[in-house]
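Following: one structure in C-alpha coordinates, then a few remarks.
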Amino acid sequence: MGKEPLLQKVRIQEDIESDKKTRVNGGDDDGPITFVLLLTTLTALWGTFSYGTAAGFTSPAQTGMMEGLNLSLAEFSFFGSVLTIGGLVGAALSGRFADLFGRRGALWVSNSFCMAGWLMIAFSQATWSLDIGRFLLGVASGVTSYVVPVYIVEIAPKRIRGAFSAVSMLVMCASMAFSFLVGSVISWQNLALFSTVPCVLEFAGLFFIPESPRWLSRNGRVKESEVALQRLRGNSTDITKEAAEIKKYMENLQESKEDGFLELFKPRYSRAVIVGIGLLVLQQLGGLSGYTFYMSSIFNKAGFPNNVGVTIATVVQATMSVFGLIIVDKFGRRPLLMVATGMMCLGSFITGLSFLFQSYALLENYTSISTLIGVLVFLTSMTIGMGGIPWVIVSEMTPMNIKGSSGTLCNITSWSSNWFVSYTFNFLFQWSSSGVFFLYSTISGMGILFVMKMVPETRGRSLEEIQADVAR
(Lines of atoms letter the chains of each structure in order from A; the text may use other names.)
(Lines give C-alpha, C1' and ligand atoms only; values in the text may rest on other atoms or scores of the structure.)
Protein backbone atom coordinates (compact mmCIF):
# COMPACT_ATOMS: atom_id res chain seq x y z
CA MET A 1 0.00 0.00 0.00
CA GLY A 2 2.85 2.43 0.83
CA LYS A 3 4.49 1.98 -2.59
CA GLU A 4 1.38 2.53 -4.70
CA PRO A 5 1.09 6.33 -4.27
CA LEU A 6 4.84 6.67 -4.93
CA LEU A 7 4.65 4.57 -8.11
CA GLN A 8 1.56 6.51 -9.18
CA LYS A 9 3.35 9.85 -8.72
CA VAL A 10 6.42 8.58 -10.61
CA ARG A 11 4.29 7.48 -13.58
CA ILE A 12 2.38 10.76 -13.64
CA GLN A 13 5.62 12.75 -13.46
CA GLU A 14 7.15 10.69 -16.29
CA ASP A 15 4.11 11.44 -18.44
CA ILE A 16 4.37 15.14 -17.65
CA GLU A 17 8.10 15.27 -18.42
CA SER A 18 7.43 13.49 -21.71
CA ASP A 19 4.77 16.06 -22.55
CA LYS A 20 7.17 18.90 -21.71
CA LYS A 21 9.69 17.53 -24.22
CA THR A 22 6.97 17.22 -26.83
CA ARG A 23 6.00 20.85 -26.35
CA VAL A 24 9.60 22.00 -26.64
CA ASN A 25 10.19 20.03 -29.84
CA GLY A 26 6.84 20.30 -31.50
CA GLY A 27 5.16 23.38 -30.07
CA ASP A 28 2.09 23.55 -27.95
CA ASP A 29 -1.08 24.81 -29.58
CA ASP A 30 -4.01 25.22 -27.23
CA GLY A 31 -6.32 25.89 -30.14
CA PRO A 32 -8.42 28.95 -30.91
CA ILE A 33 -10.99 30.61 -28.70
CA THR A 34 -14.09 28.92 -30.08
CA PHE A 35 -17.76 29.84 -29.93
CA VAL A 36 -18.49 26.76 -27.80
CA LEU A 37 -15.76 27.74 -25.31
CA LEU A 38 -17.16 31.27 -25.05
CA LEU A 39 -20.75 30.01 -24.74
CA THR A 40 -19.75 27.53 -22.03
CA THR A 41 -17.86 30.17 -20.05
CA LEU A 42 -20.68 32.71 -20.43
CA THR A 43 -23.29 30.16 -19.32
CA ALA A 44 -21.29 29.30 -16.21
CA LEU A 45 -20.76 32.99 -15.43
CA TRP A 46 -24.51 33.63 -15.37
CA GLY A 47 -24.39 31.66 -12.12
CA THR A 48 -21.78 34.08 -10.78
CA PHE A 49 -23.98 36.99 -11.91
CA SER A 50 -26.88 35.53 -9.94
CA TYR A 51 -24.64 35.24 -6.87
CA GLY A 52 -23.71 38.92 -7.21
CA THR A 53 -27.32 40.06 -7.54
CA ALA A 54 -28.22 38.08 -4.43
CA ALA A 55 -25.36 39.71 -2.48
CA GLY A 56 -26.33 43.19 -3.67
CA PHE A 57 -30.11 42.81 -3.34
CA THR A 58 -30.55 43.92 0.28
CA SER A 59 -29.03 47.39 -0.11
CA PRO A 60 -31.59 48.88 -2.55
CA ALA A 61 -34.45 46.69 -1.26
CA GLN A 62 -34.20 47.48 2.45
CA THR A 63 -36.47 50.53 2.66
CA GLY A 64 -39.19 49.15 0.40
CA MET A 65 -39.27 45.74 2.08
CA MET A 66 -39.35 47.10 5.63
CA GLU A 67 -42.12 49.58 4.83
CA GLY A 68 -44.16 47.36 2.51
CA LEU A 69 -44.09 44.25 4.70
CA ASN A 70 -43.78 46.01 8.08
CA LEU A 71 -40.51 44.25 8.84
CA SER A 72 -38.54 45.18 11.93
CA LEU A 73 -34.83 45.86 11.66
CA ALA A 74 -34.15 42.51 13.34
CA GLU A 75 -36.34 40.68 10.81
CA PHE A 76 -34.66 42.37 7.87
CA SER A 77 -31.20 41.75 9.33
CA PHE A 78 -32.02 38.06 9.66
CA PHE A 79 -33.27 38.04 6.07
CA GLY A 80 -29.92 39.45 4.92
CA SER A 81 -27.84 37.04 6.99
CA VAL A 82 -29.74 33.93 5.82
CA LEU A 83 -27.80 34.15 2.54
CA THR A 84 -24.61 33.25 4.43
CA ILE A 85 -26.32 30.37 6.25
CA GLY A 86 -27.53 28.99 2.92
CA GLY A 87 -24.04 29.58 1.51
CA LEU A 88 -22.53 27.35 4.18
CA VAL A 89 -25.01 24.59 3.31
CA GLY A 90 -24.27 25.01 -0.40
CA ALA A 91 -20.54 25.00 0.33
CA ALA A 92 -20.86 21.71 2.22
CA LEU A 93 -22.69 20.16 -0.75
CA SER A 94 -20.72 21.76 -3.58
CA GLY A 95 -17.89 19.25 -3.87
CA ARG A 96 -20.21 16.26 -3.70
CA PHE A 97 -22.58 17.75 -6.27
CA ALA A 98 -19.68 18.54 -8.62
CA ASP A 99 -18.28 15.00 -8.32
CA LEU A 100 -21.62 13.19 -8.44
CA PHE A 101 -23.46 15.18 -11.13
CA GLY A 102 -20.53 16.72 -12.97
CA ARG A 103 -19.72 20.41 -13.30
CA ARG A 104 -22.57 21.01 -15.73
CA GLY A 105 -24.93 18.94 -13.61
CA ALA A 106 -24.04 20.87 -10.47
CA LEU A 107 -24.90 24.10 -12.30
CA TRP A 108 -28.34 22.63 -13.10
CA VAL A 109 -28.84 22.05 -9.37
CA SER A 110 -27.70 25.55 -8.32
CA ASN A 111 -29.80 27.10 -11.08
CA SER A 112 -32.91 25.36 -9.73
CA PHE A 113 -32.27 26.64 -6.20
CA CYS A 114 -31.60 30.14 -7.51
CA MET A 115 -34.75 30.35 -9.62
CA ALA A 116 -36.92 29.02 -6.79
CA GLY A 117 -35.35 31.48 -4.34
CA TRP A 118 -35.96 34.58 -6.46
CA LEU A 119 -39.55 33.59 -7.21
CA MET A 120 -40.30 32.99 -3.53
CA ILE A 121 -38.92 36.43 -2.63
CA ALA A 122 -40.76 38.19 -5.49
CA PHE A 123 -44.16 36.82 -4.46
CA SER A 124 -43.66 36.72 -0.67
CA GLN A 125 -46.14 38.29 1.68
CA ALA A 126 -44.65 36.89 4.89
CA THR A 127 -41.25 36.80 6.54
CA TRP A 128 -40.96 32.99 6.51
CA SER A 129 -41.21 32.78 2.71
CA LEU A 130 -38.73 35.66 2.33
CA ASP A 131 -36.25 33.84 4.55
CA ILE A 132 -36.69 30.52 2.74
CA GLY A 133 -36.20 32.24 -0.61
CA ARG A 134 -33.05 33.98 0.64
CA PHE A 135 -31.78 30.68 2.08
CA LEU A 136 -32.24 28.98 -1.32
CA LEU A 137 -30.27 31.79 -2.95
CA GLY A 138 -27.53 31.14 -0.42
CA VAL A 139 -27.43 27.43 -1.24
CA ALA A 140 -27.19 28.27 -4.94
CA SER A 141 -24.42 30.80 -4.23
CA GLY A 142 -22.47 28.30 -2.14
CA VAL A 143 -22.53 25.72 -4.93
CA THR A 144 -21.81 28.28 -7.65
CA SER A 145 -18.85 29.87 -5.86
CA TYR A 146 -17.01 26.54 -6.10
CA VAL A 147 -18.31 24.93 -9.28
CA VAL A 148 -17.96 27.90 -11.66
CA PRO A 149 -14.20 28.47 -11.19
CA VAL A 150 -13.52 24.72 -11.29
CA TYR A 151 -15.52 24.32 -14.49
CA ILE A 152 -13.85 27.27 -16.23
CA VAL A 153 -10.36 26.15 -15.20
CA GLU A 154 -11.01 22.64 -16.52
CA ILE A 155 -12.28 23.74 -19.94
CA ALA A 156 -10.08 26.75 -20.73
CA PRO A 157 -6.81 26.45 -22.70
CA LYS A 158 -3.87 27.02 -20.37
CA ARG A 159 -2.59 30.12 -22.22
CA ILE A 160 -5.82 32.01 -21.37
CA ARG A 161 -7.01 30.06 -18.33
CA GLY A 162 -6.23 32.89 -15.92
CA ALA A 163 -8.02 35.53 -17.98
CA PHE A 164 -11.11 33.38 -18.43
CA SER A 165 -11.22 32.68 -14.70
CA ALA A 166 -10.64 36.34 -13.80
CA VAL A 167 -13.77 37.36 -15.73
CA SER A 168 -15.78 36.16 -12.74
CA MET A 169 -14.59 39.15 -10.69
CA LEU A 170 -15.75 41.55 -13.41
CA VAL A 171 -19.10 39.75 -13.57
CA MET A 172 -19.47 39.96 -9.78
CA CYS A 173 -18.84 43.72 -9.85
CA ALA A 174 -21.30 44.15 -12.74
CA SER A 175 -24.01 42.13 -11.02
CA MET A 176 -23.76 44.05 -7.74
CA ALA A 177 -23.85 47.33 -9.69
CA PHE A 178 -26.91 45.99 -11.54
CA SER A 179 -28.72 45.39 -8.26
CA PHE A 180 -27.78 48.79 -6.86
CA LEU A 181 -28.70 50.80 -9.98
CA VAL A 182 -31.82 48.92 -11.09
CA GLY A 183 -33.05 48.52 -7.51
CA SER A 184 -32.92 52.28 -7.02
CA VAL A 185 -35.59 52.87 -9.69
CA ILE A 186 -37.93 49.85 -9.38
CA SER A 187 -39.65 48.05 -6.50
CA TRP A 188 -37.96 45.22 -4.65
CA GLN A 189 -40.51 42.74 -6.05
CA ASN A 190 -39.65 43.73 -9.63
CA LEU A 191 -35.94 43.63 -8.80
CA ALA A 192 -36.38 40.04 -7.62
CA LEU A 193 -38.20 39.20 -10.86
CA PHE A 194 -35.52 40.91 -12.95
CA SER A 195 -32.95 38.84 -11.09
CA THR A 196 -34.45 35.65 -12.53
CA VAL A 197 -33.29 36.68 -16.02
CA PRO A 198 -29.70 35.42 -15.48
CA CYS A 199 -31.18 32.14 -14.18
CA VAL A 200 -33.25 31.77 -17.36
CA LEU A 201 -30.24 32.52 -19.57
CA GLU A 202 -28.11 30.01 -17.66
CA PHE A 203 -30.89 27.40 -17.85
CA ALA A 204 -31.11 27.82 -21.62
CA GLY A 205 -27.35 27.73 -22.12
CA LEU A 206 -26.88 24.52 -20.11
CA PHE A 207 -28.69 22.59 -22.86
CA PHE A 208 -25.98 23.44 -25.38
CA ILE A 209 -22.67 23.26 -23.55
CA PRO A 210 -20.44 20.22 -22.94
CA GLU A 211 -19.49 18.64 -19.64
CA SER A 212 -15.93 19.10 -18.37
CA PRO A 213 -13.68 16.71 -20.35
CA ARG A 214 -11.60 16.04 -17.25
CA TRP A 215 -14.62 15.06 -15.17
CA LEU A 216 -15.80 12.74 -17.96
CA SER A 217 -12.37 11.13 -18.24
CA ARG A 218 -12.11 10.75 -14.47
CA ASN A 219 -15.40 8.82 -14.55
CA GLY A 220 -14.24 6.46 -17.30
CA ARG A 221 -16.16 8.17 -20.13
CA VAL A 222 -13.09 8.65 -22.32
CA LYS A 223 -14.87 8.86 -25.68
CA GLU A 224 -17.31 11.45 -24.36
CA SER A 225 -14.34 13.33 -22.90
CA GLU A 226 -12.65 13.51 -26.31
CA VAL A 227 -15.88 14.64 -27.98
CA ALA A 228 -16.36 17.38 -25.39
CA LEU A 229 -12.72 18.50 -25.73
CA GLN A 230 -13.04 18.62 -29.52
CA ARG A 231 -16.16 20.79 -29.27
CA LEU A 232 -14.37 23.17 -26.93
CA ARG A 233 -11.20 23.42 -29.04
CA GLY A 234 -12.90 23.43 -32.47
CA ASN A 235 -13.18 20.79 -35.17
CA SER A 236 -10.05 22.02 -36.95
CA THR A 237 -7.85 21.70 -33.85
CA ASP A 238 -5.73 18.61 -33.21
CA ILE A 239 -6.55 17.61 -29.63
CA THR A 240 -4.46 14.43 -29.66
CA LYS A 241 -1.76 15.62 -27.25
CA GLU A 242 -4.11 17.28 -24.79
CA ALA A 243 -6.53 14.34 -24.80
CA ALA A 244 -3.67 11.87 -24.32
CA GLU A 245 -2.27 13.88 -21.40
CA ILE A 246 -5.66 13.96 -19.68
CA LYS A 247 -6.21 10.24 -20.34
CA LYS A 248 -2.81 9.18 -18.97
CA TYR A 249 -3.20 11.27 -15.86
CA MET A 250 -6.70 9.99 -15.16
CA GLU A 251 -5.71 6.35 -15.76
CA ASN A 252 -3.03 6.67 -13.10
CA LEU A 253 -5.50 8.28 -10.72
CA GLN A 254 -7.97 5.42 -11.29
CA GLU A 255 -5.57 3.13 -9.40
CA SER A 256 -6.33 5.03 -6.21
CA LYS A 257 -9.73 5.17 -4.58
CA GLU A 258 -11.80 8.33 -4.43
CA ASP A 259 -10.12 9.99 -1.49
CA GLY A 260 -12.20 11.40 1.36
CA PHE A 261 -11.67 14.13 3.93
CA LEU A 262 -9.13 12.21 6.01
CA GLU A 263 -6.97 11.68 2.92
CA LEU A 264 -6.60 15.44 2.53
CA PHE A 265 -4.17 15.50 5.44
CA LYS A 266 -1.73 13.05 3.88
CA PRO A 267 1.64 14.59 2.97
CA ARG A 268 1.17 14.32 -0.80
CA TYR A 269 -1.91 16.55 -0.66
CA SER A 270 -0.85 18.87 2.16
CA ARG A 271 0.52 21.70 0.02
CA ALA A 272 -2.57 21.93 -2.19
CA VAL A 273 -4.86 21.99 0.86
CA ILE A 274 -2.74 24.45 2.86
CA VAL A 275 -2.40 26.87 -0.07
CA GLY A 276 -6.12 26.67 -0.89
CA ILE A 277 -7.33 27.23 2.67
CA GLY A 278 -4.63 29.80 3.38
CA LEU A 279 -5.49 32.00 0.40
CA LEU A 280 -9.23 31.89 1.06
CA VAL A 281 -8.78 32.67 4.77
CA LEU A 282 -6.45 35.53 3.85
CA GLN A 283 -9.02 36.84 1.37
CA GLN A 284 -11.75 36.95 4.00
CA LEU A 285 -9.88 37.74 7.24
CA GLY A 286 -8.08 40.50 5.38
CA GLY A 287 -11.41 42.35 5.58
CA LEU A 288 -13.25 41.66 2.31
CA SER A 289 -16.72 41.25 3.84
CA GLY A 290 -16.19 44.22 6.14
CA TYR A 291 -15.49 46.50 3.20
CA THR A 292 -18.19 45.19 0.87
CA PHE A 293 -21.04 44.73 3.38
CA TYR A 294 -20.42 47.90 5.39
CA MET A 295 -18.98 50.31 2.86
CA SER A 296 -21.75 52.80 3.63
CA SER A 297 -20.86 52.79 7.34
CA ILE A 298 -17.20 53.38 6.50
CA PHE A 299 -17.97 56.36 4.25
CA ASN A 300 -20.48 57.82 6.71
CA LYS A 301 -17.99 57.61 9.57
CA ALA A 302 -15.35 59.30 7.40
CA GLY A 303 -17.78 62.04 6.36
CA PHE A 304 -17.72 61.10 2.68
CA PRO A 305 -21.02 61.11 0.70
CA ASN A 306 -22.20 57.51 0.62
CA ASN A 307 -23.75 57.46 -2.87
CA VAL A 308 -20.73 59.15 -4.39
CA GLY A 309 -18.37 56.76 -2.63
CA VAL A 310 -20.24 53.63 -3.72
CA THR A 311 -20.44 54.90 -7.32
CA ILE A 312 -16.71 55.66 -7.44
CA ALA A 313 -15.90 52.28 -5.90
CA THR A 314 -18.08 50.48 -8.47
CA VAL A 315 -16.46 52.29 -11.41
CA VAL A 316 -12.94 51.64 -10.10
CA GLN A 317 -13.68 47.96 -9.48
CA ALA A 318 -15.11 47.48 -12.97
CA THR A 319 -12.16 49.29 -14.59
CA MET A 320 -9.54 47.39 -12.62
CA SER A 321 -11.32 44.08 -13.28
CA VAL A 322 -10.79 44.63 -17.01
CA PHE A 323 -7.14 45.49 -16.31
CA GLY A 324 -6.84 42.28 -14.29
CA LEU A 325 -8.08 40.23 -17.25
CA ILE A 326 -5.25 41.61 -19.37
CA ILE A 327 -2.40 41.04 -16.94
CA VAL A 328 -3.28 37.76 -15.17
CA ASP A 329 -1.88 35.54 -17.95
CA LYS A 330 0.89 38.01 -18.78
CA PHE A 331 2.54 38.31 -15.37
CA GLY A 332 1.31 35.16 -13.67
CA ARG A 333 -0.70 34.31 -10.56
CA ARG A 334 2.04 34.47 -7.93
CA PRO A 335 3.38 37.98 -8.73
CA LEU A 336 -0.17 39.35 -8.92
CA LEU A 337 -1.05 37.75 -5.58
CA MET A 338 2.02 39.32 -3.97
CA VAL A 339 1.17 42.76 -5.35
CA ALA A 340 -2.52 42.38 -4.44
CA THR A 341 -1.74 41.24 -0.88
CA GLY A 342 0.59 44.20 -0.49
CA MET A 343 -2.20 46.50 -1.68
CA MET A 344 -4.62 44.91 0.82
CA CYS A 345 -2.14 45.70 3.58
CA LEU A 346 -1.59 49.25 2.32
CA GLY A 347 -5.30 49.99 1.75
CA SER A 348 -6.32 48.90 5.25
CA PHE A 349 -3.35 50.78 6.75
CA ILE A 350 -4.37 54.02 5.00
CA THR A 351 -8.00 53.59 6.10
CA GLY A 352 -6.96 52.84 9.69
CA LEU A 353 -4.57 55.79 9.74
CA SER A 354 -7.35 58.08 8.49
CA PHE A 355 -9.65 57.10 11.35
CA LEU A 356 -6.79 57.31 13.84
CA PHE A 357 -6.09 60.92 12.85
CA GLN A 358 -9.83 61.62 12.99
CA SER A 359 -10.03 60.33 16.57
CA TYR A 360 -7.31 62.80 17.58
CA ALA A 361 -8.82 65.65 15.52
CA LEU A 362 -5.78 65.72 13.24
CA LEU A 363 -5.98 66.48 9.51
CA GLU A 364 -9.77 66.27 9.72
CA ASN A 365 -10.20 67.99 6.35
CA TYR A 366 -8.40 65.08 4.71
CA THR A 367 -10.06 62.17 6.54
CA SER A 368 -12.81 61.62 3.97
CA ILE A 369 -10.45 61.68 0.97
CA SER A 370 -7.79 59.50 2.58
CA THR A 371 -10.46 57.00 3.65
CA LEU A 372 -11.77 56.86 0.08
CA ILE A 373 -8.21 56.27 -1.17
CA GLY A 374 -7.70 53.46 1.35
CA VAL A 375 -10.98 51.79 0.38
CA LEU A 376 -10.18 52.06 -3.34
CA VAL A 377 -6.69 50.62 -2.87
CA PHE A 378 -8.16 47.67 -0.96
CA LEU A 379 -10.90 47.05 -3.54
CA THR A 380 -8.35 47.27 -6.36
CA SER A 381 -6.35 44.52 -4.67
CA MET A 382 -9.45 42.35 -4.84
CA THR A 383 -10.20 43.01 -8.49
CA ILE A 384 -6.65 42.43 -9.79
CA GLY A 385 -5.78 39.46 -7.65
CA MET A 386 -7.18 38.48 -4.28
CA GLY A 387 -10.82 38.41 -5.36
CA GLY A 388 -10.57 35.73 -8.04
CA ILE A 389 -7.08 34.23 -8.19
CA PRO A 390 -7.34 32.20 -4.94
CA TRP A 391 -10.17 30.13 -6.45
CA VAL A 392 -8.19 29.76 -9.68
CA ILE A 393 -5.21 28.46 -7.70
CA VAL A 394 -7.44 26.06 -5.74
CA SER A 395 -8.94 24.69 -8.96
CA GLU A 396 -5.56 24.37 -10.68
CA MET A 397 -3.62 22.76 -7.82
CA THR A 398 -6.15 20.24 -6.52
CA PRO A 399 -5.85 16.70 -8.01
CA MET A 400 -9.05 15.28 -9.49
CA ASN A 401 -9.34 12.44 -6.96
CA ILE A 402 -9.62 14.86 -4.01
CA LYS A 403 -11.20 17.80 -5.83
CA GLY A 404 -14.65 17.15 -4.36
CA SER A 405 -13.61 16.81 -0.72
CA SER A 406 -10.93 19.51 -0.95
CA GLY A 407 -13.29 21.88 -2.73
CA THR A 408 -15.94 21.35 -0.07
CA LEU A 409 -13.43 22.04 2.71
CA CYS A 410 -12.12 25.18 1.01
CA ASN A 411 -15.63 26.44 0.25
CA ILE A 412 -16.84 25.90 3.82
CA THR A 413 -13.72 27.68 5.07
CA SER A 414 -14.38 30.62 2.76
CA TRP A 415 -18.05 31.00 3.72
CA SER A 416 -17.32 30.54 7.45
CA SER A 417 -14.62 33.23 7.30
CA ASN A 418 -17.05 35.41 5.35
CA TRP A 419 -19.65 35.06 8.10
CA PHE A 420 -17.10 35.67 10.88
CA VAL A 421 -15.83 38.93 9.36
CA SER A 422 -19.30 40.23 8.49
CA TYR A 423 -20.56 39.39 12.00
CA THR A 424 -17.64 40.91 13.90
CA PHE A 425 -17.03 44.04 11.81
CA ASN A 426 -19.63 46.28 13.48
CA PHE A 427 -18.45 45.30 16.97
CA LEU A 428 -14.82 45.95 16.06
CA PHE A 429 -15.69 49.18 14.24
CA GLN A 430 -17.49 50.48 17.33
CA TRP A 431 -14.61 49.38 19.54
CA SER A 432 -12.05 51.20 17.40
CA SER A 433 -12.70 52.55 13.91
CA SER A 434 -8.96 52.58 13.26
CA GLY A 435 -8.06 49.39 15.14
CA VAL A 436 -10.20 47.12 12.96
CA PHE A 437 -8.39 48.24 9.82
CA PHE A 438 -4.95 47.98 11.43
CA LEU A 439 -5.94 44.40 12.32
CA TYR A 440 -6.87 43.70 8.68
CA SER A 441 -3.61 45.32 7.57
CA THR A 442 -1.57 43.10 9.90
CA ILE A 443 -3.28 39.93 8.64
CA SER A 444 -2.65 41.02 5.04
CA GLY A 445 0.99 41.71 5.85
CA MET A 446 1.40 38.14 7.11
CA GLY A 447 -0.33 37.03 3.91
CA ILE A 448 2.52 38.47 1.83
CA LEU A 449 4.92 36.07 3.56
CA PHE A 450 2.50 33.17 3.03
CA VAL A 451 2.25 33.84 -0.71
CA MET A 452 6.05 34.15 -1.04
CA LYS A 453 6.67 30.90 0.81
CA MET A 454 3.82 28.61 -0.23
CA VAL A 455 2.13 29.61 -3.51
CA PRO A 456 3.58 28.19 -6.74
CA GLU A 457 3.32 29.75 -10.19
CA THR A 458 0.76 27.95 -12.39
CA ARG A 459 0.62 30.20 -15.47
CA GLY A 460 1.10 28.44 -18.80
CA ARG A 461 1.15 24.91 -17.35
CA SER A 462 -1.35 22.12 -17.88
CA LEU A 463 -3.50 21.09 -14.92
CA GLU A 464 -1.93 17.63 -14.98
CA GLU A 465 1.57 19.11 -14.81
CA ILE A 466 0.68 21.44 -11.92
CA GLN A 467 -1.01 18.71 -9.90
CA ALA A 468 1.80 16.23 -10.42
CA ASP A 469 4.39 18.75 -9.21
CA VAL A 470 2.31 19.69 -6.17
CA ALA A 471 1.86 16.03 -5.18
CA ARG A 472 5.60 15.33 -5.23
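Cβ atoms are placed via backbone N, Cα and C, with glycine included.
Look at TrEMBL and you will find 36-459 tagged as domain 'Major facilitator superfamily (MFS) profile'.
Annotation comment: TrEMBL describes 33-51 (among others) as transmembrane segment.
Residues or ranges marked as transmembrane segment in TrEMBL: 71-93 (among others).
Marked as transmembrane segment by TrEMBL: 105-126 (among others).
According to TrEMBL, the transmembrane segment annotation covers 132-152 (among others). Sequence-distant contacts of the transmembrane segment (132-152), counting only residues of its own chain at least 6 positions beyond either end whose CB sits under 8 Å from a CB of the stretch, comprise 40-41, 44-45, 47-48, 50-51, 54-55, 79-80, 82-95, 97-98, 103-104, 106-107, 109-111, 113-114, 116-121, 124, 161, 164-165, 168, 212, 388, 391-392, 394-395, 403, 407-408, 410-411, 414-415.
The transmembrane segment annotation in TrEMBL covers 164-186 (among others).
As annotated by TrEMBL, transmembrane segment applies to 272-296 (among others). Here the transmembrane segment (272-296) has Cβ contacts under 8 Å with residues 55, 59, 264-265, 306, 309-310, 313, 337, 341, 344, 348, 375, 378-379, 382, 386-387, 389-391, 393-394, 397-399, 402, 406, 409-410, 413-414, 417-418, 420-422, 425-426, 429, 436-437, 440, 443-444, 447, 450-451, 454-456, 467, 470-471 of the same chain, all six or more residues outside its ends.
Per TrEMBL, transmembrane segment is recorded for 308-328 (among others). Taking Cβ pairs closer than 8 Å, the transmembrane segment (308-328) reaches residues 162-163, 165-167, 169-170, 173-174, 176-177, 180, 295-296, 299, 336, 372, 375-376, 379-380, 382-385, 388-389 in its own chain, all 6 or more past its ends.
TrEMBL lists 335-357 (among others) with the feature transmembrane segment.
Positions annotated as transmembrane segment by TrEMBL: 369-394 (among others).
Annotation source TrEMBL lists transmembrane segment at 431-452 (among others).
Counting only same-chain residues 6+ beyond the ends of the transmembrane segment (335-357), those with a CB under 8 A from a CB of the stretch are 279, 282, 286-287, 298, 301-302, 324, 327-328, 363-364, 366-367, 370-371, 373-382, 384-386, 389-390, 393, 433-438, 440-441, 444-445, 447-448, 451-452, 455. Long-range contacts of the transmembrane segment (71-93) within its own chain (CB-CB distance under 8 A, at least 6 residues past either end) are made by residues 54-55, 58, 62, 65, 110, 113, 127, 130-131, 134-146, 408, 411-412, 414-416, 418-419, 422. Residues 145-146, 149, 153, 161-162, 165-166, 168-170, 172-173, 275-276, 279-280, 282-283, 286-288, 291, 295, 298-299, 302, 304, 309, 312-313, 316-317, 320-321, 323-324, 327-328, 333, 336-337, 339-344, 346-355, 357, 363, 406-407, 410, 437, 455, 458 of the same chain, all 6+ positions outside the transmembrane segment (369-394), place their C-beta atoms under 8 angstroms from a C-beta of that stretch.
Packing against the transmembrane segment (33-51) from elsewhere in the chain are residues 107, 110-111, 114, 137, 140-141, 144-145, 147-148, 151-152, 155-157, 160, 164, 167-168, 171-172, 174-175, 178, 195, 198-199, 201-202, 205-206, 208-210, 231-234: each is 6 or more residues past its ends and has a CB under 8 Å from a CB in it. In the predicted model, residues of the domain 'Major facilitator superfamily (MFS) profile' (36-459) average a pLDDT of 86.
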